[in-house]
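Colleague: Grabbed the feature section from TrEMBL, which reads as follows:
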- 84-146: domain 'Anoctamin dimerisation' (DOMAIN)
- 149-718: domain 'Anoctamin transmembrane' (DOMAIN)
- 157-186: transmembrane segment (TRANSMEM)
- 236-255: transmembrane segment (TRANSMEM)
- 301-327: transmembrane segment (TRANSMEM)
- 347-374: transmembrane segment (TRANSMEM)
- 394-413: transmembrane segment (TRANSMEM)
- 523-552: transmembrane segment (TRANSMEM)
- 573-597: transmembrane segment (TRANSMEM)
- 684-705: transmembrane segment (TRANSMEM)
C-alpha cells in the first residue's frame, strides 16, 4: 500500500512521439529519475505522472534542520515525517529541477509541456475531520479546528484562519459599539434641536443646486435626511471614533500574544525561513551557491518613481469620477425626460457609485500586473522577499483604488466648489457638485454603504460561484470525453490511482497567490472598518457578518472545490502585521479628519459656546444650539447670479429676491465672516488634540499589553536552561571519560 502513496501529480497533454514538447517532458522526467524519484504514468485523455521522492531526501532535510517533526535522526523516525513536510520538500525540488536545456518546471508549463502540477487530496482521517468540523455551513458558529488545519494545509494557512477567527471574534465588540452609537443617535440625538430646526424651516428658501432648469427649494424638504445625518453626526460618534482607535491597537496587540502562543505550541518560535530555503536548495543541488544580499539605489529609485506614477494614475481616475458626476448632474438636469431632470442628483450619485465599483474591479487586475512587473524589476533574492515586496505594492495600489473617491468625498466635496455667483467650474462650464443639503457626512455615509454592501455581496457570491461552476463544468467535460473514449471498447480494470488523480485534476487550480488574495480582501475590508468608521458606524457589523460567512466559504473552497494547496511554514502573518499597524495609524488620522472637517460637530460646538443665545443670557432651560441652522446659512441676492444661470425667479407664486446657502459669508461682498475663521481654528485645534490623544492612548495600550505572554516566555526560558544543562552534563561526562 505504501507503493501507492504519491507526493505530487504532473499532468500533460498527449504529445506526438518525437515532438519538441515530448522531448522536453522526457528530459524533465529523466532529471527527476536521476534524483531517485519514482514515477508512475497513467494515460487517460491526458497523461498523468505520479511522483514520489526517495526517503534519503527527507533524511537530509531532517539532519540539516534538526527538524522538530523528529528529534531522533534514525530511519524509523523517517516514517513520522508529516505529509505537509513531504509535499513542501517535493514541491521545492520540482520547481527547482533544471533540465539540460536550462529550463525549470515553470518554463515548461509556460510552453504547455506540462499543464498542471499538484499535491493530492487523499482519503485521510484528518481530511474527513476537516470536512465534518469545518468545511460545511452547519458548523458556522463553532470554533475552527486550527490544529487539524495546520496538519493538513501547513502553518501558513492555519495562521491565516487563526488570525481571521481572532479578528472576527474581536469584531463583535466593535459591532456592538457601532450599534450602540447608531441607537444613541436614533434615540438621544434624533430629536436634536438642529434636525428639528431643519424640519420646521418651511420658509427658508435655498439656492438652486444646478445652473439650468433647477428651481429654488425649501430647507424642510431634507427633513428625513437631516434625521439620518444626526444619527451618525453627534457627540456619540466622537467617543466611538476614539473607541475604534483603541480597538484597532488592542486587536493587534492581543493577536501578537495569540500568535506567540500558537508559534510556541507548534515549535516554530526558533524557525528561520532563510535557513529552510538554503537547506532545500542544498538538498536539491549540493553544489548550490547562495545568492548574496544586494541593493541597488538606481533600481529602487526607478521602482519608487513608477509606483508613484501608478498612484497618480489611480488618483486621476478618482478625479475622472468627480468630473463624471459633475457633468452627469448638469446633463441630467437639462434633460427633457422628466424623471431624469427631477432626480438628477440622485441618478448622478448612484451611477457614479456603480462606476466607482466597476473601476475597482478593472483596476484590481491592472494593479496586479503592475505590482508583478515592479517586483520583477526589483528582482528580490528569495521567494519570501518577493512576497513581502509584492504585498506592499499591491496593498498601496488597492488602497488608492478603493479610497481615492472616498477621500475626495470626505475632505474636498463641497469645500472647493465656490459659492452662488462665483462657482468653481470644470473647463469653465460644469459646476463642481456640492455636499448633500443635509450635510457632507451624508455623502460619505451613502458612498461607504454602497461600496461595502456591493463589495461584500457581489464579491462573495462571485468568489463562491465561479469556482463552483467551473468545477461542475470541468467534471461534465471530463465525463463526456471519457464516455466518447470508452464507446465500443471493453473497459479494462482501472488503476486505483486513476480515479483519485482524475478527481483532483477536475478541481480548480491553486497558485502561490491563492492565500494572498484572501488576506488582501480581508485587509482592505479592515481598512473600511476602521479608517472612515466615524461616518459609517455600521461598518464593523457588516464586516462581522461577512467574516462569519467568509471563514466557512474559504474552508469549503479549499476542501471541496480547489486542489490541495502546497503547505508552507510560517511563524506569523508576515508583512501583513505591519500593513495592519499602518492602517491603525491611518484610522486615527482619518477619523480625526472626518469629525473635524466632514461632520458638523465642530461648527455646532463653536456656535453653542460663542454665538448662541446662551452666551448672552444665562438660560439653563434653553437648548444652546437653538438658531444654529439660521446662523449656518449665508444670504445670496438673486441679481448676483452669473449671466448664463437660468433660474425661475418665482417659487410657489412668490417673487424671490434672496436665497440661502450653506457657508459663512458676508451678505454684501460674499467674503468669509469672522465665524468661518473661528470654526476653521476650532477644527484645526480639535484635529491636533484628537489625534494626539488617540495616538497616546494607542501607545499606552501597546505598552500595557505585552506582545508575548509570560507563560510562553517562561516556557522558552526553561527549554533553553534544560538544553544548556544537558550540554553541560554531556561535556562533563566526555571530560571524565
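For all residues, glycine too, the Cβ spot is worked out from N, Cα and C.
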Colleague: With pairs restricted to those 6 or more apart in sequence, evaluate whether the transmembrane segment (573-597) and the transmembrane segment (347-374) have 3+ C-beta pairs under 8 Å.
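Modeller: No, these stretches are not in contact.
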Colleague: In the same chain, who gets a Cβ under 8 Å from the transmembrane segment (523-552) while lying at least 6 residues past its ends?
Modeller: 134-137, 139-141, 144, 161, 164-165, 167-168, 171-172, 174-175, 177-179, 181-182, 232, 237-238, 240-241, 244, 248, 395, 398-399, 402-403, 406, 410, 441, 444-445, 448-449, 451-453, 455-456, 460, 576, 579-580, 583-584, 586-587, 590-591, 594-595, 598-599
Colleague: Considering pairs 6 or more residues apart, do the transmembrane segment (394-413) and the transmembrane segment (157-186) have at least three CB pairs under 8 Å?
Modeller: no
Colleague: Restricting to the same chain and to residues at least six past its boundaries, which positions have a Cβ under 8 Å from a Cβ of the transmembrane segment (157-186)?
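Modeller: Contacts with the transmembrane segment (157-186): 143-144, 146-147, 149-150, 230-232, 234, 236-237, 239-240, 243-244, 247, 250-251, 254-255, 258-259, 262, 515, 518-519, 522, 526, 529, 533, 537-541, 543-544, 547-548, 550-551, 554-555, 558, 565, 567-568, 570, 572-573.
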Colleague: What parts of the chain pack near the transmembrane segment (684-705), using Cβ distances under 8 Å and only residues at least 6 beyond its ends?
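Modeller: 238, 241-242, 245-246, 248-250, 253-254, 257, 584-585, 588-589, 591-593, 595-597, 602.
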Colleague: Of the residues in the domain 'Anoctamin dimerisation' (84-146), how many are helix, strand and coil by DSSP?
Modeller: 32 helix, 3 strand, 28 coil
Colleague: Can you give the mean pLDDT for the domain 'Anoctamin dimerisation' (84-146), rounded to a whole number?
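Modeller: Here the mean pLDDT over the domain 'Anoctamin dimerisation' (84-146) amounts to 87.
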